[in-house]
Amino acid sequence: MAGVLSRDAPDIESILALNPRVQAHATLRSTAAKKLDKKHWKRNTDKNCFTCEKLESNFDDIKHTTLGERGALREAVRCLKCADAPCQKSCPTSLDIKSFITSIANKNYYGAAKLIFSDNPLGLTCGMVCPTSDLCVGGCNLHAAEEGPINIGGLQQFATEVFKAMNIPQIRNPSLPPPEHMPEAYSAKIALFGAGPASISCASFLARLGYSNITIFEKQEYVGGLSTSEIPQFRLPYDVVNFEIELMKDLGVKIICGKSLSTDEMTLSSLKENGYRAAFIGIGLPEPKKDHIFQGLTQVQGFYTSKDFLPLVAKSSKTGMCACHSPLPSIRGAVIVLGAGDTAFDCATSALRCGALRVFIVFRKGFVNIRAVPEEMELAKEEKCEFLPFLSPRKVIVKDGKIVAMQFVRTEQDETGNWVEDEEQTVRLKADVVISAFGSVLEDPKVKEALSPIKFNRWGLPEVNPETMQTSEPWVFAGGDVVGMANTTVESVNDGKQASWYIHKHIQAQYGTSVPSQPTMPLFYTPVDLVDISVEMAGLRFPNPFGLASATPATSTPMIRRAFEAGWGFALTKTFSLDKDIVTNVSPRIIRGTTSGPLYGPGQSSFLNIELISEKTAAYWCHSVTELKADFPDNILIASIMCSYNKSDWMELSKMAEASGADALELNLSCPHGMGERGMGLACGQDPELVRNICRWVRQAVRVPFFAKLTPNVTDIVSIARAAKEGGADGVTATNTVSGLMGLKADGTPWPAVGIGRRTTYGGVSGTAIRPIALRAVTAIARALPGFPILATGGIDSAESGLQFLHSGASVLQVCSAIQNQDFTVIEDYCTGLKALLYLKSIEELADWDGQSPPIISHQKGKPVPRVAELMGQKLPSFGPYLEQRKKIIAASKIRQKDQNTACSPLQRKHFNSQKPIPAIKDVIGKSLQYLGTFGEMSIMEQVVALIDEEMCINCGKCYMTCNDSGYQAIQFDPETHLPTVSDTCTGCTLCLSVCPIMDCIRMVSRATPYQPKRGLPLAVKPVC
């Protein structure tokens, strides 16, 4: 049988050992064997495992919400972008959540970050530490669906981290005059105390408003407040805090460290004497609440408050926080953490990283009363912290100068709801360290006296107006923890944001200037926003290259008006005709495509429609065009018209449209359904002679530019475009919808089906599914007719896809299906996205980025993974015994590295500046044409092969299966580790990369040896017939 060509050779049979086969019978395997199997392949924690993972000195990211680019794109596409989105109503800083998620889904990470930072200057910090389950995620409408709510925090973190990697500075609002030309009020002295989230937010917004004399006074030698000193590195890295502070400093805000609000240094009275017009108090709550039973206990004996412990951990683990280097607190044995808030859980998980053997989280009430967010509680549970509810501390037991145990009494809730302590029920817990996390207060008399004469409430905190954040002293404002209303970082940020507007209002009033009663907060700007994306085509200047196609978004002129108000650069009217050709539509007529599979809701890859041209009269459209041009003179408005093959009709209608004031005309010669039966649309657009003549007639009738709208339903679209040019057309639109039949139901009836007869017809397919057809048409016309203007349409749904059409030779871009999927506001995403894509081309340091996508590092679930192969010379997957082995190797590596930390200076952010000119739209038009050609022009000598990154591989075997049954059997799949290995028989076909679910897990690299095709039989062998 060895000579049988149609059977796999023995070596191939060996490769195919794990390839799926059709099952011919049920499978039998013993329960005992299956339990062993389960253990080998297990990826989550074994419920029978009670040992703690060694976490000492491991400050790697532990958040479940963290996302890589793949995860972010999948999650963003899932979002419904709801009309009156509840998530946005639940965000303290009122983030435009659905819009920034739209930008992420469209790979416009700059646009997403711009939206986030516009409402929240600490958008990256909040993306990492926000209790989203209680805020935005808590209101997500997808809670009502099987797949559950959107990971909003992870998306926010991802977009802002990508922006952070761009190293682009923040700039002042471009519409403001230079600082030296601003009114005198904007140079007023403003002081802020405490460099935490509330003050950073307040100062950022004041600087965006135009104020130039803003100083933050911070008593510590580091900045960031609790974000730096108390939120652990594994939840919030210091470089994130530093990045947001540097963004603030980009606007000229000054920070002076080592200066505190105290009678010993600075007071409100001294500020006023020194000419400060406004002050903001954002000092937090600096002293810990401490139970009387801890009097006299110190760190030497093993007692810490959270205010002692967490800053010590931070100084050791947060590189760049300060110039000094200090070791982690030496924690051994059992640790008791008292409290049930977020801080208590931070103490617990940090204690494990300081060497604790076991951690007990003890709290007075039950699990249902835990104040910490579920995310924090779940992480502590996963790290094997023990939870002990219903216990109130009574006594600390010290022996030989060291804590050895604590005594508690049981608590319970009585019938009236009050909590009582039962002194008869006592519990004694052995412990080596006790950490108290019972909250914080403002008690320092020197600080309180320095705040005089502001009033304090019954909790000893500054009394403020909750709407303005103004204290009893009109020029003094306060926010954050010190006010007692903000319980989270994001609420502190909003306090600062809120205060900034009323500080602005107060200062302006002092100078006799009024401000709007409705706050108008300034946005976040960078040099990207200065990029010019206007473009000229056929003598017309388009404000930006994005416009409404002659389709459903242009059903009426009020819709076009709203589109122009939203920022669209141009629009086409819905195609209209002479009254004698007026139409009436059927219904149903616009349906979702089947190309998206079982994806319902927004994000459809295609639609099919059997809608005809506009049902409205030519008079309606012409009157409306006149109105719109009067109100939007800078926007381009193109009238789309259609007639049968009749010279007088075309001349009459085109003159009518020109007289209305339309900037240009589009001749619809391509409607693929319905109109062709009337001798219009497709009936005219498939014959070059008819197209040429119609264009000649219109050229004789009008002076304004006109464009022929072409159909892709022809063999040679170039011949149609050439005919249009020969007829005098100023350009073409490529392309209209593709004729198709979307699907049939199980009973054989079509959808859409009209009337009781369930009739249908071939319709027009639109959306991203037809983008390859449209790109082919645009590039073919651009190559054949250089310089001939092309209006592209067909699957444009983002700045990235729009740039593809510009690179293909189009000058402007028409959009329809993407608006059907969302709404007119997507234009903001398209414009910021295109500006970013152009701007990034000017930065040498980002030359290895793919648009707005940075190079992907080896990661699992969005978190960088140590390359275990480099640590021990062995490749290990991330499941079962191999996962346990990986954890041990990484733990040992972290302990080895802990003593290698060296002192370092505070981090300095380096801006990436443009080294090359920022390309204009005209510079990128047709850029890709140089790469297109015939098959014979491609090299058969420069071959590639697949290279798999085992650290990123999730061991699914999709590459293996497609190579076996659709390729060349060049991938081996280990039966124990499920690690795929590419053999030297790889032909570089790239199918494996195409089906791999993990971005950049497989790369195609240059082949090191000459490629020798397998011919089956030598070329000299003749066939046997």
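Here the Cβ of each residue, glycine as well, is placed from N, Cα and C on the backbone.
For Cys671, the entry in Swiss-Prot reads active site, proton acceptor, with the evidence type similarity to another entry. Note on Cys671 (active site, proton acceptor): other Cβ atoms within 10 Å of its Cβ, all shown chains, come to 26.
Look at Swiss-Prot and you will find Cys79, Cys82, Cys87, Cys140 tagged as [4Fe-4S] cluster 1 binding site, backed by similarity to another entry. A helical conformation is recorded for Cys87 ([4Fe-4S] cluster 1 binding site) in the three-state DSSP classification.
As annotated by Swiss-Prot, [4Fe-4S] cluster 2 binding site applies to Cys91, Cys130, Cys136, Gln156, with the evidence given as similarity to another entry. Reduced to three states, the DSSP call for Gln156 ([4Fe-4S] cluster 2 binding site) is helix. The Cβ of Gln156 ([4Fe-4S] cluster 2 binding site) has 33 other Cβ atoms within 10 Å, all protein chains considered.
The DSSP secondary structure for Ala486 (NADP(+) binding site) is coil. Annotated FAD binding site per Swiss-Prot: Val129, 194-198, 218-226, Arg235, Leu261, 480-489, in sequence order, evidence recorded as similarity to another entry.
Annotation for Ala486 (NADP(+) binding site): spatial neighbours Ala198, Gly479, Gly480, Ser492, Asn494, Asp495, criterion Cβ-Cβ under 8 Å with sequence separation of six or more. If you look up Swiss-Prot, you'll see 340-343, 364-365, Arg371, 437-439, 481-487 marked as NADP(+) binding site, on the strength of similarity to another entry.
Under the heading FMN binding site, Swiss-Prot lists Ser550, Lys574, Thr575, Lys709, Gly767, Thr793, Gly794, Gly795, Cys816, Ser817. The Cβ of Gly767 (FMN binding site) lies under 8 Å from the Cβ of Gly593, Thr595, Gln604, Ser605, Ser606, Phe607, Gly795, Asp797, Ser817, each of these being in the same chain and 6 or more residues away along the sequence.
As annotated by Swiss-Prot, substrate binding site applies to Asn609, Asn668, Leu669, Ser670, Asn736, Thr737. Over all protein chains present, the Cβ of Asn736 (substrate binding site) has 29 other Cβ atoms lying within 10 Å. Secondary structure at Asn736 (substrate binding site), taken from DSSP and collapsed to helix, strand or coil, is coil.
Cys959 ([4Fe-4S] cluster 3 binding site) has a Cβ environment of 26 other Cβ atoms inside 10 Å. The annotation [4Fe-4S] cluster 3 binding site is assigned in Swiss-Prot to Cys953, Cys956, Cys959, Cys963 on the grounds of similarity to another entry.
Marked as [4Fe-4S] cluster 4 binding site by Swiss-Prot: Cys986, Cys989, Cys992, Cys996. Cβ neighbour count for Cys992 ([4Fe-4S] cluster 4 binding site): 26 (other Cβ atoms within 10 Å of its Cβ, all protein chains included).
Per-residue pLDDT, averaged across the domain '4Fe-4S ferredoxin-type 1' (69-100), gives 97. Residues annotated as domain '4Fe-4S ferredoxin-type 1' in Swiss-Prot: 69-100.
Sequence-distant contacts of the domain '4Fe-4S ferredoxin-type 2' (944-976) (same chain, six or more residues past either end, CB-CB distance under 8 Å): 8, 12, 15-20, 40, 858-860, 865, 867-869, 875, 877-879, 982-998, 1000-1007, 1014. Marked as domain '4Fe-4S ferredoxin-type 2' by Swiss-Prot: 944-976.
With a threshold of 8 Å between CB atoms, the same-chain residues lying at least 6 positions outside the domain '4Fe-4S ferredoxin-type 3' (978-1007) that come near it are 68-70, 856, 875, 877, 879, 942-950, 952-960, 962-963, 966-972, 1013-1014. According to Swiss-Prot, the feature domain '4Fe-4S ferredoxin-type 3' maps to 978-1007.
The feature N6-acetyllysine is assigned by Swiss-Prot to Lys384, with similarity to another entry given as support.
Geometry remark: Gly439 (NADP(+) binding site) versus Cys963 ([4Fe-4S] cluster 3 binding site), CA distance 59 Å.
Taking H, G and I as helix, E and B as strand and the rest as coil, DSSP gives the domain '4Fe-4S ferredoxin-type 2' (944-976) the counts 9 helix, 8 strand, 16 coil. In this structure, of the binding-site residues Gln220, Ser550, the smallest number of CB atoms within 10 A of the CB marks Gln220. Sorting each residue of the domain '4Fe-4S ferredoxin-type 3' (978-1007) by its DSSP state yields 5 helix, 8 strand, 17 coil. Non-local neighbourhood of Thr343 (NADP(+) binding site): Glu230, Ser306, Leu310, Ala437, Gly439, each in the same chain, at least six residues away, with C-beta under 8 Å from its C-beta. Among the binding-site residues listed here, namely Asn668, Cys953, Cys959, Cys953 has its C-alpha nearest to that of Pro197 (FAD binding site). A helical conformation is recorded for Thr343 (NADP(+) binding site) in the three-state DSSP classification. Using a 10 angstroms CA-CA radius around Cys996 ([4Fe-4S] cluster 4 binding site), the binding-site residues that qualify from Ala340, Cys959, Cys963 are Cys959. Secondary structure from DSSP puts Asn668 (substrate binding site) in a beta strand.
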